[in-house]
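Here TrEMBL flags S158, R178, T239, S301, R302, K311, G339, L340, E378 as NADP(+) binding site. Residues or ranges marked as domain 'FAD-binding FR-type' in TrEMBL: 95-223.
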Amino acid sequence: MTAAQCGVVFQGSVTSHLNSDSSLHKSIFKSKKISYTDKPWMSFSPLELKTKKTPRYQSVISMSSPQAVGSAKVSVSPLHLEDAKEPPLNTYKPKEPYTATIVSVERVVGPKAPGETCHIVIDHGGNVPYWEGQSYGVIPPGENPKKPGAPHNVRLYSIASTRYGDSFDGKTASLCVRRAVYYDPETGKEDPSKNGVCSNFLCDSKPGDKVKITGPSGKIMLLPEENPKATHIMIATGTGVAPYRGYLRRMFMESIPKPKFTGLAWLFLGVANKDALLYDEEFRKYLEDNPGNFRYDIALSREEKNRNGGKMYVQDKIEEYSDEVFKLLDEGAHIYFCGLKGMMPGIQDTLKRVAEGRGEKWEDKLSKLKKNKQWHVEVY
């Protein structure tokens, strides 16, 4: 079972530029809950949500993502989190989970986004350490309807922060969760009895609430750091962007006792529309401060068309840069995929078509990428 960020709406298109329309920033709103504005290394660019909020959203208003001021990096601790040679794995298991505490729950998408996605900060007290690219399991409260008397099954979520967390003290982890809501196809009305149990529990949580977590788990999406000059091509749909947020904060925001990252990080993110973009302001800040080391391309399926006149999905955006992508892979670049499993067939078909157009056999190329540990996939 892989990370399950509970439902993602598929991608679209638009190449990200520094001077792009300011409407791209309207998914970043001012939080009226927990904030870290007392920290000198954080700044905010809040925009008030002007549309009427439904009762569900009144307690989960929006993302105020910590930002490093200018290009200065943020100090982190405790640095002994860098000492381990192997990643922590399954420190806490489903039969004996760790009881953590919700710090904050913030809506991170705009009013026109299909569905609700929340950024959730969880305090684990430093007792459930993890590495970038790993997942936590969450056990929602209540009884498993299929197993009376037993707890719910574990749901896995990719961690959206570095090992130091959003407060940079090694005591928190962040999750990016889309609320899974079911609508009756006949009536068009929401049927709460069929809504996602865990995603709704997390999105409805309030500061101070307790949450049972397991893990951390996963080694497929760990960030290889042996070569600070390496190229990392990251492809995501929706909440699949979670692990990449951790990678990029580690590369560009945090001051860690490792050689400075001087390679290339290239993020392709697919969502439905501009309001559905996740962590966009944070990524654009990296683009502004590190133009030679970071590239950011987005695909907005409901707002843009591909070269054939169809919806622009993330694989279409990749195809636009296929020559560069294949050249980088030939030079040893790592490529990562995270999001709904439905994204992979389209991406694989595109890569196969591009490979054949270059006179290459995709099956052989894919086999080589896997053998060289350049190919990283986590879909759900």
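Here the Cβ of each residue, glycine as well, is placed from N, Cα and C on the backbone.
Annotations in TrEMBL come from automatic prediction, not curation.
Sequence features annotated in TrEMBL and their locations in the structure.
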{"residue": "S158", "record": "NADP(+) binding site", "Cβ neighbours (10 Å)": "29"}
{"residue": "T239", "record": "NADP(+) binding site", "Cβ neighbours (10 Å)": "30"}
{"residue": "R302", "record": "NADP(+) binding site", "Cβ neighbours (10 Å)": "18"}
{"residue": "G339", "record": "NADP(+) binding site", "Cβ neighbours (10 Å)": "30"}
{"residue": "E378", "record": "NADP(+) binding site", "Cβ neighbours (10 Å)": "21"}
> Given the NADP(+) binding site residues S158, R178, T239, S301, R302, K311, G339, L340, E378 in the record, what is the largest Cα to Cα distance, rounded to whole Å?
Replying inline: 27
> Under DSSP, the domain 'FAD-binding FR-type' (95-223) has how many residues in helix, strand and coil?
Replying inline: 11 helix, 47 strand, 71 coil
>> Please compute the mean pLDDT of the model over the domain 'FAD-binding FR-type' (95-223).
In response: 95
